[in-house]
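Q: Have a look at the structure that comes next, please.
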Amino acid sequence: MLAVAVLAAGKGTRMKSALPKVLQPLAGATLVERVLASARNLAPERRLLIVGHQAERVEAQLSSNGGLEFVLQQPQNGTGHAVQQLLAPLQGFQGELLVLNGDVPLLRAETIEALVSTHRSSQADVTLLTARLDDPTGYGRVFADANGRVSAIIEHRDCSDEQRSNNLTNAGIYCFNWGKLAEVLPQLSTDNDQGELYLTDTVQLLDVAMQMEVSDPDEVNGINNRRQLAQCEGVLQQRLRDHWMDEGVTFVDPASCTLSEDCSFGCDVVIEPQTHLRGACRIGDNCRLGPGSLLDNAELGCDVTVVQSVVRDARVGNDVAIGPFAHIRPATDVGDSCKIGNFVEIKKSVIAAGSKVNHLSYIGDAELGANVNVGAGTITANFDGTNKHLTVIGEGSKTGANSVLVAPVVIGKNVTIGAGSTITKAVPDGSLAIGRAKQLTKEGWDRNTQAAQS
């Protein structure tokens, strides 16, 4: 049996944030959510999150993470003290305990699985993950023989100069025999510079401790400040881009683009510079995104172009051109072969196949039929000051430039709206509707004379 415990009680003072450190976002998910996800494939019998600082906020964020048990550490007095809080909830548990840190979000699932497998095959009391760092400053040093058997872990601040020359470091990730660990946890001492209970001290209290060195030190990067958060974001983004380039996606300037792990792409997608995808974006074959575009939970069909535009929580069909400078807002559904042009905003609307909204328009709370042509400057006036109302435009209809459709209003099929019209009443199929003031022309108008007389 396996239990997984994640240490998530710390304040994260160096982040200088009102948000708990483990809830800081990284590529669309919080740090602690990424840590929990990395152990998902192990299918542990127990999953425990040790909380402390802003415990209620952390628990609220993770309340939908099924089967997660919350254990309070109050006050926070070191990693050993944190794991001591498991003595009661894991009383009688028989198996291994995997201890992860809530601020180490880059650990791969494969590495965790290998650590557990190594621990089980070695039959050690504890197996810890280690990394060789070019600059090990601040990390505890691991001292082990050629067979991987660990004799000691010494925190950086407690190391002598000679001991600090060792660059094999403790990653703070352990797989314990829980029964053996439970026996020695009460023996931990605060006799160190910090006056805290170190989990690392259990290594000297247990009979057999082994280490497994991680192949990529980036995996065990911890996050204590904004710089380290940015560095981890860069590592994770590079992983995501590398994965999708291997799957056939072209990034014209990879370093200028960001993704979330929930994105998916079809074949021959091209992503131009300064384009960002967030949330669960679904991008079909032969799409071209950017430059300078933002997509957030967007679903795009095949052969779609999005140039210098924003698409949020919306669906776009096949063979659609969007932009430049268009804003497709939530709950919008754009059908096949549509054109959404420059400086167009669409909100909570359905645009049926073949329709065009080419210039300078606002379409909100509307239903457009197939092959509608919306003239430049057309506005659906959907808000009466209290409620939003629906505009319906039937298939084949055309609105002239600078038209205002005051909702609620229904425009029938194959209707023509004259330029500059304000439409407040329903227009039947096949009609021409004009609703504008009569033009007044005064010939021989001398503006200077008129100004002097006024």
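Positions of Cβ are set from backbone N, Cα and C atoms, glycine also.
Annotations per Swiss-Prot:
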- 1-226: region 'Pyrophosphorylase' (REGION)
- 7-10, Lys21, Gln73, 78-79, Gly140, Glu155, Asn170, Asn224, Arg329, Lys347, Tyr362, Asn373: UDP-N-acetyl-alpha-D-glucosamine binding site (BINDING)
- Asp103, Asn224: Mg(2+) binding site (BINDING)
- 227-247: region 'Linker' (REGION)
- 248-454: region 'N-acetyltransferase' (REGION)
- His359: active site, proton acceptor (ACT_SITE)
- Ala376, Ala419, Arg436: acetyl-CoA binding site (BINDING)
Q: Would you mind listing the long-range same-chain contacts of the region 'Linker' (227-247), meaning Cβ under 8 Å and 6+ residues beyond its ends?
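A: Sequence-distant neighbours of the region 'Linker' (227-247): 15, 24, 26-27, 105-106, 218, 221, 254, 257-261, 263, 265.
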Q: Could you check what DSSP calls Leu7 (UDP-N-acetyl-alpha-D-glucosamine binding site) once collapsed to helix, strand or coil?
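A: DSSP assigns Leu7 (UDP-N-acetyl-alpha-D-glucosamine binding site) to strand.
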Q: Find the one among the binding-site residues Asp103, Ala419, Arg436 whose C-alpha lies closest to that of Gly140 (UDP-N-acetyl-alpha-D-glucosamine binding site).
A: Asp103
Q: Which residues, in sequence order, are found in the same chain with Cβ within 8 Å of the centroid defined by the Cβ atoms of Ala376, Ala419, Arg436 at the acetyl-CoA site, excluding those residues themselves?
A: Gly375, Gly377, Gly400, Ala401, Asn402, Ser403, Gly418, Gly420, Ser421
Q: With DSSP as the yardstick, break the region 'Linker' (227-247) down into helix, strand and coil residue counts.
A: 20 helix, 0 strand, 1 coil
Q: Near Asn224 (Mg(2+) binding site), which of the binding-site residues Ala9, Gly78, Asn170, Arg329, Ala376 can be found within 10 Å, Cα to Cα?
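A: Within 10 Å of Asn224 (Mg(2+) binding site): none of them.
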Q: Between Leu7, Ala9, Ala376, Ala419, which of the binding-site residues has its C-beta surrounded by the fewest other C-beta atoms within 10 Å?
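A: Comparing Cβ neighbours within 10 Å for the binding-site residues Leu7, Ala9, Ala376, Ala419, Ala419 has the fewest.
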Q: Of Asp103, His359, Ala376, Ala419, Arg436, which is closest to Leu7 (UDP-N-acetyl-alpha-D-glucosamine binding site) if I measure between C-alpha atoms? They're all recorded positions.
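A: Result for Leu7 (UDP-N-acetyl-alpha-D-glucosamine binding site): the nearest of the recorded positions is Asp103.
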Q: Note down the number of other Cβ atoms within 10 Å of the Cβ of Arg436 (acetyl-CoA binding site), including every protein chain shown.
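A: So the Cβ neighbour count for Arg436 (acetyl-CoA binding site) comes to 15.
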Q: Return only the integer: C-alpha distance in Å from Asp103 (Mg(2+) binding site) to Lys21 (UDP-N-acetyl-alpha-D-glucosamine binding site).
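A: With the alpha carbons as reference points, the distance is 7 Å.
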Q: Please give the acetyl-CoA site's span as the largest CA-CA distance among Ala376, Ala419, Arg436, to the nearest whole angstrom.
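A: Max Cα-Cα spread across the acetyl-CoA binders: 16 Å.
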Q: What's the CA to CA span in angstrom from Arg436 (acetyl-CoA binding site) over to Tyr362 (UDP-N-acetyl-alpha-D-glucosamine binding site)?
A: 20
